Amino acid sequence: MNFELKPLSLVEAASEKCDALLVLVSDAHKPAKDGFSALVARALKDGDAHSKAGKILALYKTPLSQATRVVIAGVGDGSAKQVRAGVAAALASVKSDKLKSLVVAFASPASEPALRAAVSAVADGSYSYTTTKSKPEARVLQTVLLATGNAAELKAVFERAVAVVAGVELAKEWANRPANHATPTLLGKAAQALAKHGKISCEVLGPKEVAKLGMGSFMAVAQGSDEPLRFIVLKYSGAAKSVAPTVLVGKGITFDSGGISIKPAAEMDEMKFDMCGAASVLGTFRTLAELKPAINVIGLIPSCENLLNGRAVKPGDVVTSMSGQTIEILNTDAEGRLVLCDALTYAERFKPRAVVDIATLTGACVVALGSVRSGMFSANVALAEALSTAGDVAQDLCWQMPLDDEYAEGLKTSFADVANVAGRAGGAISAAKFLQRFTDKYPWAHLDIAGSAWKSGAAKGATGRPVGLLVEYLLATANAPSSAK
Ligand code: BES
Ligand code: MN
Ligand code: ZN
């Protein structure tokens, strides 16, 4: 799919030949004098069209436009949220296998958030997963022209939004693939494929190398499966070697059965999404490859299956992590923190300016925040603020959760330095407290994306979150003084 941005007035946009023209009308819209604008104004005046977000009026082959279909779509106050809702509704109304070319015209000049929202809503609304279908219904939409009078001043925002789409779609692709089509080995190959882009290199470690590193916690999870583990190290080098990198760590459990502490059967298929953290790291690197910012970023992905065979780790087993800390594995279903802790220790070698881990870590986070906001944890005020702001800008929201030491009480045990689970109460926070023990050496944040990374039910599928947030955060670090994390 190819996006283009042009400085066109509404009437100019209406004279572009295309399969559909979406006219985005906000509350503040003031019509121009030409015939097409008059048509829109008349429809609004008569109440057939409305600027309220999500209201649409569809026309077919009006002589006033070269577009086959015209949809007048309300985008309310023109905010990102309402533009997203308006574009989604308009696109759904013309969802047609004939829709190859689309023009999205802002009736009044677009703001930066509005343009970003329109690009991402068009991508989301036309996305189609095909990899494991025998008769794939591939995305039909080929060209998308965004038309707004002030296009020149929006060029940079537009380019960033289009690059984020590429990253989000790579993340969706890998997250949506079933576990037998997205093994740790295949994830490693996907990461290696990213290294064909300039400035990116990739190294994939296997069981032998990981054993040599002493990642006893990660290995304990992997030992219950016949599928070999992979530890993926991605490097994006856009700045001088002397510039400290940001490290992203993505949970890459390609299937989480729970292990011996096995999960119930209902909806267990959704545990193929337990590598959405890893997918978001791959997606973010895809976007970096596109934008080539002057920063350094490391991506770490500990990837394995959480299954159960005769060698599987058992409740009560004690393992030694790479940090030297011993861990009593009371519940084999709390495996995410076990693979992440060794990756967090590995991250120390990069002397990072900050480390952000991204993980579908706890059902408790879904209970706390639902699917709207990712859980965000950090004891570093500047880092927390930077992530929160990035989420707002990208409309990929997160919400800061607490890290009081009292939440770690339940992790105490007589048989090791730490247990891998506490009680049910505050489960997302005790998981974060577990991870925090491995992050003394650098500013650290944790994103629990268990609720935000995919949708359940009829619209089951990955969302590509939080690629938008991560990209926005990383690009902001390019301009921030080194003290501000
Ligand atoms: N991958 C799951 C978390 C999860 C569960 C994400 C449901 C999305 C939906 C994680 O590995 C897990 O199983 N966590 C346990 C932890 C518990 C045993 C302390 C959980 O949340 O139940
Ligand atoms: Mn689990
Ligand atoms: Zn898991």
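Yeah, the Cβs are placed from backbone N, Cα and C, and that goes for glycine too.
Note that the structure is a prediction, hence the values are computed from the model and not measured.
What TrEMBL annotates here:
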type     : residues               : note
ACT_SITE : K263                   : active site
ACT_SITE : R337                   : active site
BINDING  : K251, D256, D274, E335 : Mn(2+) 2 binding site
BINDING  : D256, D333, E335       : Mn(2+) 1 binding site
DOMAIN   : 331-338                : domain 'Cytosol aminopeptidase'
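Where TrEMBL records a feature, it is marked here on the structure.
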residue: K251; record: Mn(2+) 2 binding site; DSSP class: coil
residue: D256; record: Mn(2+) 2 binding site; DSSP class: strand
residue: K263; record: active site; DSSP class: coil
residue: D274; record: Mn(2+) 2 binding site; DSSP class: helix
residue: D333; record: Mn(2+) 1 binding site; DSSP class: coil
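Apart from K251, D256, D274, E335, the residues listed for Mn(2+) 2, the same chain places the Cβ atoms of G252, I253, M271, M275, N306, G336, V339, A359, T360 within 8 Å of the centroid of those Cβ atoms. Checked against ligand 1, the recorded positions D256, D274, D333, R337 give D256, D274, D333 in sequence order as having a Cβ less than 6 Å away from one of its atoms.
Each residue contributes its Cα atom, and for D274 (Mn(2+) 2 binding site) and D333 (Mn(2+) 1 binding site) those atoms are 12 Å apart. Neighbour counts were taken as the number of other C-beta atoms within 10 angstroms of each residue's C-beta; across the recorded positions K251, R337, the minimum falls on R337. For E335 (Mn(2+) 2 binding site) paired with K263 (active site), the C-alpha to C-alpha distance reads 12 Å. Taken in sequence order, the recorded positions K251, K263, D274, R337 that lie near ligand 2, meaning a CB under 6 Å from one of its atoms, form an empty set. Cβ crowding, taken as the number of other Cβ atoms within 10 Å, peaks at E335 among the binding-site residues D256, D274, D333, E335.
Residues from the recorded positions list (D256, D274, D333, R337) with a C-beta closer than 6 Å to any atom of ligand 3: D256, D274.
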